[in-house]
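S.K.: For reference, the structure I am asking about is given below.
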Amino acid sequence: MDYFQYQDTTLFAENVPVQQIAEQYGTPCYVYSRATIERHWHAFDNAAGKHPHLICYAVKANSNLGVLSVMAKLGSGFDIVSGGELSRVIEAGGDPSKVVFSGVGKTEQEIEFALSKNILCFNVESAPELERINKVASQLDVKAPISIRVNPDVDAKTHPYISTGLKANKFGIPRENAVAIYKLAASYEHLEIKGMDCHIGSQLTDIVPFVDALDRLLLLIDELADMGIAISHLDVGGGLGVAYKDETPPHPDTYVEALMTRMKTRPELKLIFEPGRAIMANAGILITKVEFIKHGEEKNFAIVDAAMNDLIRPALYSAWQNIIPAEISTNNPKATYDIVGPICETGDFIGKDRELEIAPDDLLVVRSAGAYGFVMASNYNSRCRPAEIIVDKSSLHLVREREVLSDLWKGEHIIE
Ligand code: LLP
């Protein structure tokens, strides 16, 4: 459930008509609903109940400071993949002691920065990374908390670009090598083994791979316990899918409860979740204006003011996101359109073959744009990135200003 709903023929973001937001801030713009973010976050948190747990929101899904500040106020933890994301979390008032640091290529500077902020844990992805973290920790004379990202080799059956738990992926340590690498970690003086971690992919719509992965990790945890290596938390990653079209992913509470059935006999093992998309995707929209209607020989095009630089998911993954009018009108003829942007590439589309009743200057709304939307935006074709707004009941907060032209060449220099 989200708070972008029609009242009669008018689409509202919480209590504010979408049209009003566009008039106030211009288009294209991203709008996030605070109530929806909070609702989704609580769905995870409540379902985990009294079992020790921490929701570490995956910052990569949407790293706007306003969004992070909403999470911070909920008491959320954070899953980060760079020093930049850690800086954003701190800037937004997040608690570094609730931060887990994922990613395959952490630099020495990033490790040092994270250690200086006393993060909760490094999710380690390779033996050389263990060695590097130990080295930096020894220079600072501290012990670095680590967990090993184990690749459980389950097929998440999602888009190949966002499937991460298979042997062929660059992520994690193969299950067969996990014991050896935990032994290696135990031999380093400046590492402290805290947990075990996995992340099998994104936009999963079935519970089975999650439960399979969990079962495999629990077996491994028992094996390590027999060898005297204690694991105090298990990080199950993110990856729960959302309904973009007709997918039927489990609700967060069903997903969490399914995992909880395996945890009843392990009350001491803390669970960490790293949801990104499931919290943010349907908590955000992209508002765009129809510039022109163009009737081609084979297709009709609605040329809008948002483009692949603003929202790249359709172009990059052939992702389908719903496109709906801000105001339902029956004044225009119904036709099937490709919704395309002004960028000089055939791949610049937001949606294809959409039946709409629209005219120039109408506002369209791209749904499910709160995750992997703005964060993947670029300045391609020297286009300014859009504004971002958080709606909170009847209040609007501009949480990122629309870029201006001089932002485009900030840091660049001409030469003689
Ligand atoms: N934890 C780790 C270690 C991850 O790599 C990811 C996402 C997450 C958590 C959060 O996954 P989520 O709950 O959002 O599925 N740009 C793509 C998605 C890439 C996901 C990468 N990793 C898209 O637009 O679909």
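Cβ from N, Cα, C; glycine included.
TrEMBL does not curate its annotations; it predicts them automatically.
As the structure is a computational prediction, the values presented were derived from the model and not from experiment.
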S.K.: Record says GLU274, PRO275, GLY276, ARG277, TYR372 bind pyridoxal 5'-phosphate. Source is TrEMBL. Which of GLY239, GLY341, GLY347, GLY411 does it list for that same site?
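M.R.: According to TrEMBL, the candidate sharing the pyridoxal 5'-phosphate site with GLU274, PRO275, GLY276, ARG277, TYR372 is GLY239.
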S.K.: With a radius of 8 angstroms around the mean position of the C-beta atoms of GLY239, GLU274, PRO275, GLY276, ARG277, TYR372, what other residues of the same chain does the pyridoxal 5'-phosphate site pick up?
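M.R.: Leaving out the recorded residues gives ALA58, LYS60, ALA61, SER202, GLY238, LEU240, ALA278, ILE279, MET280, ALA371.
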S.K.: Looking at the recorded positions listed here (LYS60, ARG313, TYR317, CYS344, GLU345), whose Cα lies nearest to that of PRO275 (pyridoxal 5'-phosphate binding site)?
M.R.: LYS60
S.K.: On the Cα atoms of ARG277, ARG313, TYR317, GLU345, TYR372, which are listed as binding substrate, what is the maximum pairwise distance in Å?
M.R.: 27
S.K.: Which of GLY239, PRO275, GLY276 (the binding-site residues) has the most other Cβ atoms within 10 Å?
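M.R.: Counting Cβ neighbours within 10 Å, the top one is GLY239.
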S.K.: Mind running the binding-site residues ARG277, GLU345, TYR372 against ligand 1 and keeping the ones whose CB falls under 6 Å of it?
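M.R.: Only ARG277, TYR372 qualify.
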S.K.: Given the recorded positions LYS60, ARG313, TYR317, CYS344, GLU345, state which is nearest to GLY276 (pyridoxal 5'-phosphate binding site) when distance is taken between Cα atoms.
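M.R.: Considering only the listed recorded positions, the nearest one is LYS60.
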S.K.: Which of the recorded positions LYS60, ARG313, TYR317, CYS344, GLU345 has its Cα nearest to the Cα of GLU274 (pyridoxal 5'-phosphate binding site)?
M.R.: LYS60
